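Novice: Straight out of TrEMBL:
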- HIS196, GLU277: Fe(2+) binding site (BINDING)
Amino acid sequence: MGRTGVLLLNLGGPEQIEDVRPFLFNLFSDPEIIRLPFPWMQKPLAWLISSLRSKRSQENYLAIGGGSPLRQVTEAQATALETNLKEKGEPVGIYIGMRYWHPFTEEAVAKIKRDRIDELVILPLYPQFSISTSGSSFRLLEKLWQEDPSLNRINYTVIRSWYEQPGYLQAMAQLIAQELDKFAHPDEVTIFFSAHGVPVSYVEEAGDPYQKEIEECTDLIMQTLNRPNPHVLAYQSRVGPVEWLKPYTEDAIQELANEGVQNLLVVPISFVSEHIETLQEIDIEYREIAEEAGIHNFRRVPALNTHPVFIEALADLVLNALNSPKVQLPQVTQMKKQVKMYPQERWEWGMTTSAEVWNGRLAMLGLIALLIELISGHGPLHLVGLL
Ligand SMILES: C=CC1=C(C)c2cc3[nH]c(cc4nc(cc5[nH]c(cc1n2)c(C)c5CCC(=O)O)C(CCC(=O)O)=C4C)c(C)c3C=C
Ligand SMILES: [Fe+2]
C-alpha cells in the first residue's frame, strides 16, 4: 500500500528575538509580498526594510514573550490531525512547511521525498486564499516541483481555500458563542471581525480573491452562529505607506465608539492559530484604542488552535481531497486576470505595470528617506510608520 502524507503550509514566525530580522528579510524577499520592476532590487530592498522595521517588530514580539507561538501551535495541530486520521483508519505522515521561517517548506518537501510519500494532500492553514499567503506557498512548491522532476512520482492534490467548510464554520461559531456568553448582556455585543489586510492593488489590479472570500466567510460564520448581534468587518496589520483594504481596524473601532458601542467582541478570521497579530495587535494595541475611545467591555475570541471541531474539519478536508479529482499546482497558481506588463503583456497575478512603477518609485523614496533618517536621526520613515 502507498504512503500518504499531508503537507500543512503556514507562514512561520520568529521563535526568538534574534530571529526577527532574518525572518523579516525572508518575508520581504518574497515577490508575492513586495513586487518590484527589477528582480535585482528585491534583496537590497528586503534588507533595507527588514533593517528598518526590525526594532519595532522586535518590541512587539518582546511584548508577547519574545517570539511567535506559530511553530508550537502548528506542531500541536499536526499531532492532533495525525491522531484524528489514525483513529479513522487513515494513517498519514504530517509535514509542516513554513514560508518564511523554520521548518521551511523546502525542508518539508525533502522529508516527503525521503519518506517516499506516494499520495500527498497540500493543505494551507489559511482558510481564505490570498496571493500573499497560500498563493506564495503554492508558487514556491511549483518551483520546487519544476526543479526536481523526481517529485513528479508523487500523486498530489492541492486544497486552494476552505473557508466554506462546515466544520470550520461550526468551530468558529462555537468559539464566538462561548465568548459572547461571557458578557453581561450578550445580545448587546457588536461582533467585530478583524481580518489581516492586503494592499488594495492586490485585489483591484492583480485579482486577488481574498477580500471576496473574507466577506463570504464572515457572512457564513454569522449564519452558522445564528444570533441577532450586529457585526462589522475591518482589516488590520497594515504595513508601509500604500493603501490597504478598508476600513482599517483602528478606524472602525473608533467609529463604533463614536456611535456609542460599549461591548465589542473581536474575532480574528484570516488565521487559525494565535500569532503576533492576535496576541499583540488585538489584545494590546486595539484594546488600548477601544478603551481610550470609551469601549470598556472588550473581548477577543481565541484562535482555533487545536479546537476538536476544527481538527475534525481539517481531517474531513484531507479525506475529501484524497477521494476527489486531483488539483494540480498550476491550477492554483494560475493567473487571475490579464494585465499589461512592461515590456510585454503576459498572464500575471502580481502587480500591474503601474503598481510596479510605483513600487520602484517607492523603493527610491525609501532610500532617500533612509539617508535623511541617518543624517538627521529623525525623519519621514517614523512618520509613515516603517520604523
Ligand atoms: C491571512 C493572513 C495574512 C495575510 C493576508 C498577510 C499578508 C501580508 N503580511 C505582510 C507583512 C507582514 N506580515 C507579518 C507577519 C505575519 N503575517 C501573517 C499573516 C498574513 N499576512 C502571520 C500569521 C504573520 C506571523 C505572525 C507571527 O506570529 O509571527 C510581518 C511580521 C510581523 C510584523 O513586523 O508586523 C510582516 C511585516 C504583508 C506586506 C502582506 C501582504 C502583502
Ligand atoms: Fe502578514
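Just so you know, glycine gets a Cβ as well, placed from its N, Cα and C.
Heads up, TrEMBL stuff is auto-annotated, nobody curated it.
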Novice: Going by a 10 angstroms cut-off between Cβ atoms, which of the binding-site residues HIS196, GLU277 has the sparsest surroundings?
Specialist: GLU277
Novice: Name the secondary structure element type, per DSSP in three states, that contains HIS196 (Fe(2+) binding site).
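Specialist: Once the DSSP labels are grouped into three classes, HIS196 (Fe(2+) binding site) ends up as strand.
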